[in-house]
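Asker: Below is one structure. I have some questions about it.
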Amino acid sequence: MLMLMLVAAVTMWLRPLVTAQLCRSRTVRTGKVFNLIQDVQGDRLYFHPTTTRLIKHPCEKNIALYLGKQVFFTMDNFETSLLPFTIPTSMQVGVPEVTSAHFAGSLLLLVVDQKVYIYDYENNSWSMSLGIKHPVTHVSGDNCCYTGSLFCVHVSNLVFAYFRGDQISQTYIYYSNTGGFSFWKYHYDRQAEIIGSLGGIFHFFSLSQVAMLVVNQGKGMFKYSDHPLNRSFGLSFDYNGTLDILIAPGQRGILLLWFENSLLFSHNAGQLVDTVRVKKGDQTLFSSIFEAKITIHNIAVTENELAVITREDNLYYGNLGIVPSSIIKFADQYIWSEDVALMFRSPGTLEILTPLRDTAFPAFDFQKCLVNIQALLMDPELHVGKCKIEFLTGEFIYRMYTIDMHSQLELTASLIPQPGTSLIPLVMVSNPHSLGFQATFYENGYTSDGNTKYKLDIFLKQQQHWGRTDSNFTSSLKKATMSTLTVDIANKEISCVDIKPLSTLISVGCDLDKKIVIQNKVSACSMGILDPLTLQDNYSFIIEKEFYDPGFQGQQSSEDLHVFYSYQQLGCPLLVYYDTLWKPVVELWRKDSFQEVIDAEYVLLEVNGQFSYSYSLTAQSAMCTSQPQNWTTMIKEFGGPFFWNRENYVSCHDPNNNAPLRWPDVQYQILGGRTANQIIFGHNGFYVFYISIVDPYYSYCQLETIFSIYVYGAFPVQLVSAGVVILLIISSILGSVWLAYKTPKLLRTARGRRIKKCATQLCRRCKTVCQFRASATARAGTEPPGRHRTPHGGRSDH
């Protein structure tokens, strides 16, 4: 009996010792020696649920928000004592209860008392979101952490605001593309027909879909917005409580759905949702959290890891991969309290955070317990297998790529297994509806200690261009999408904490490095017609009122237009002869490298409203099967010029275009593509053109630019109309014929003979005068200079 008591005492003494070695606790207490921290000012925020939340900024690793009985905001990972987070009383929030929070770039969005408030932590300022007219309880969004990408800025700025639990057919949903500053009503397709309550609405960028969680009769399922997933719901799953949905960072499509008695996992943005299993080694102990009778208090999620702390004072850990997710239980530890929360500091390093109230100061201290996951996994009682991966890397990690229309991408990864083991690599794309790939895995030499090195070559392009999928599977080719590429190892052991999956974000959309340039081999300056120095010296020209319309409708203006020529923007104009059918040679450039001559469809518009040019083809001669678009109709439809682009262009050769061909003789104003349409000029002078590539299948970019030409060689404009000129010519001919007929008859009369006699005498006199002047000129040429005979025989000096 004495021996048993001694063993029990030793066991109880060793247990906290082991716990201390695995989880080293320390208390953060700062700013209290000299009482530097001020009192709490404003309305103190709080979070009502019995569980806690700790939201880390996905990109700024030191910024986080703690939600519990008190709310704390930190910019240094809780390394200083903090006052409870408050909102200024001037905001007049009413009940300062926080129901949802989200980081949108450098902004913190908080739903307080069913309204959305914005805290700009960089400028320490508060504001209220505009445009929300109805109560909301939650906000949702995502963050993209690739720096220097406009696409990432767009991702971070998109936010939804909604009332969770409302009937979908009657609820109001709001969206923002300004990071939460302004919201607009969001109209989900056929929303009024959806039966069920709203569990949330999210923009899954990994799938390029807006997804709505529909809850009905104890089942949840995601409904998607766009083809091809909008034809049906995702697979249903048990919805036994109000689930919080966490989108794992990295845009890989990983979701965690949880409440106190349930933990669900999806690796494809909600299309398939499964329970998280509880395992010990390779053995599955429980198929779900509910079956294991676990009560979750808080969870922490990164791109690849998951940690769970329960009210039963247990800590669980798992990794997030393509296989069904599972967690393992670590040794029992005294770590739980009603205020405890979890957060990952780095891969394999977990921090257990507990706010500590100070009776003497208003600022709270923080107890931090740092857990080394790798050390815990080495416990032989966990039966965790040894990691079989020695090395896994790729040059594409931490980078973002773009695949434009008809483009392709090649990436490589390197892999070295542990000696005596073999591995199977997994290559996955989060959006197979828009991005396809082909991978090759092969040996690539040996390491210095004899291990085999392997290389993985991945060739990617748009799924539609592989030619091996049905149109019912692929997304719309006209729509820009995105996908995440992930390289991982099949059946990877949970002990591979430091071997993270290789992941990169691929935008199937506009390559921002692309631009169009108009070929200008023969310019007005190189041919000597215009002087570049003159063009640079505030040069201007006049467009006569007969040849331009400021409204771009082809109507004459009331006054001439004085135009300044921007040489810095336009350079020397391209030279065009008026009597030649013409169209520009459009070149595609990427950065400073020429790519190709563009043969896609495009449109031109003279930016000053000139209309003294026409097109060589009509709708009929261009073989249109439907009425073609033109600048007149597009300007009327969109309220101004320069809005004709790939987004609104509809080809008159498209068999799906049902617009009847009512006016076949109208000018066909689209150049390039399948037609030989060209431009005809009838007037000399400067033309400054706006060009836009409208072919939706050439590039996802809005390729546009302006350029100038100089037309020469046209005849001067007639001041008298052609009808008047023709009338005068005909009158002259008729008058000549009449005189030829009438004159002979007139000469036979007495009056005619007198006229004839006078004319004869006049001719003789003119002949005599001419002979005299000719002889005088001849004599003057034979005498010495300065002297000639006078008519009277004398001499005259000059």
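In case you wondered, yes, glycine gets a Cβ from its N, Cα and C as well.
Given the structure is predicted, the values throughout are model-derived calculations rather than measurements.
What Swiss-Prot records for this protein is below:
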SIGNAL    1-20  signal peptide
TOPO_DOM  21-723  topological domain 'Extracellular'
DISULFID  C23-C369  disulfide bond
DISULFID  C59-C145  disulfide bond
CARBOHYD  N123  N-linked glycosylation site
DISULFID  C144-C152  disulfide bond
CARBOHYD  N230  N-linked glycosylation site
CARBOHYD  N240  N-linked glycosylation site
DISULFID  C387-C496  disulfide bond
CARBOHYD  N472  N-linked glycosylation site
DISULFID  C510-C701  disulfide bond
DISULFID  C525-C572  disulfide bond
CARBOHYD  N538  N-linked glycosylation site
DISULFID  C624-C652  disulfide bond
CARBOHYD  N630  N-linked glycosylation site
TRANSMEM  724-745  transmembrane segment
TOPO_DOM  746-798  topological domain 'Cytoplasmic'
Asker: Same-chain residues six or more away whose CB lies under 8 A from the CB of C144 (disulfide bond)?
Answerer: F151, C152, V153, V155, S156, F205, Q251, L505
Asker: Tally every other Cβ atom lying within 10 Å of the Cβ atom of N472 (N-linked glycosylation site).
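Answerer: Taking all protein chains shown, N472 (N-linked glycosylation site) has 8 Cβ neighbours within 10 Å.
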Asker: Please name which of the recorded positions listed here, C23, N240, C369, N472, C496, is nearest in space to N230 (N-linked glycosylation site), Cα against Cα.
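Answerer: Result: the closest of the recorded positions to N230 (N-linked glycosylation site) is N472.
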Asker: Tell me whether C701 (disulfide bond) sits in a helix, a strand or coil according to DSSP.
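Answerer: Note: C701 (disulfide bond) is coil by DSSP, not helix or strand.
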Asker: Which entry in the list of disulfide-bonded residues, C59, C152, C496, has its Cβ near the fewest other Cβ atoms, using 10 Å as the limit?
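Answerer: So among C59, C152, C496, the disulfide-bonded residues given, the one with the fewest Cβ atoms within 10 Å is C59.
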Asker: If you compare CA-to-CA distances from C496 (disulfide bond) to each of the recorded positions N123, N240, N472, C525, N630, which comes out shortest?
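Answerer: Nearest candidate: N240.
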Asker: Grab the pLDDT values for the topological domain 'Extracellular' (21-723) and give me their mean, rounded.
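Answerer: Taking every residue in the topological domain 'Extracellular' (21-723) and averaging pLDDT yields 92.
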Asker: Which secondary structure state does DSSP assign to C652 (disulfide bond), in the simple three-class scheme?
Answerer: coil
Asker: If you count Cβ atoms within 10 Å of the Cβ of C525 (disulfide bond), leaving out that atom itself, what do you get?
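Answerer: Its Cβ has 18 other Cβ atoms within 10 Å.
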Asker: For C369 (disulfide bond), write down the residues of its own chain that are at least 6 apart in sequence and whose Cβ falls under 8 Å from its Cβ; none is a fine answer.
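Answerer: Once residues fewer than 6 apart are set aside, C369 (disulfide bond) is near C23, R24, S25, R26, I335, E351, I352, L353, T354.
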Asker: Select the closest residue to C572 (disulfide bond) from the following recorded positions, measuring between CA atoms: N240, N472, C510, C652, C701.
Answerer: C701
Asker: With the cut-off set at 10 Å between Cβ atoms, which of these glycosylation sites ends up with the most neighbours? Options: N123, N230, N538, N630.
Answerer: N630
Asker: List, in sequence order, the same-chain residues at least six positions removed whose CB sits under 8 Å from that of C510 (disulfide bond)?
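Answerer: In sequence order, the residues whose Cβ lies under 8 Å from that of C510 (disulfide bond) (at least 6 apart) are T402, D404, A480, S699, Y700, C701, Q702.
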Asker: Given N123 (N-linked glycosylation site) and C387 (disulfide bond), what distance in Å do their CA atoms have, once rounded to a whole number?
Answerer: 46
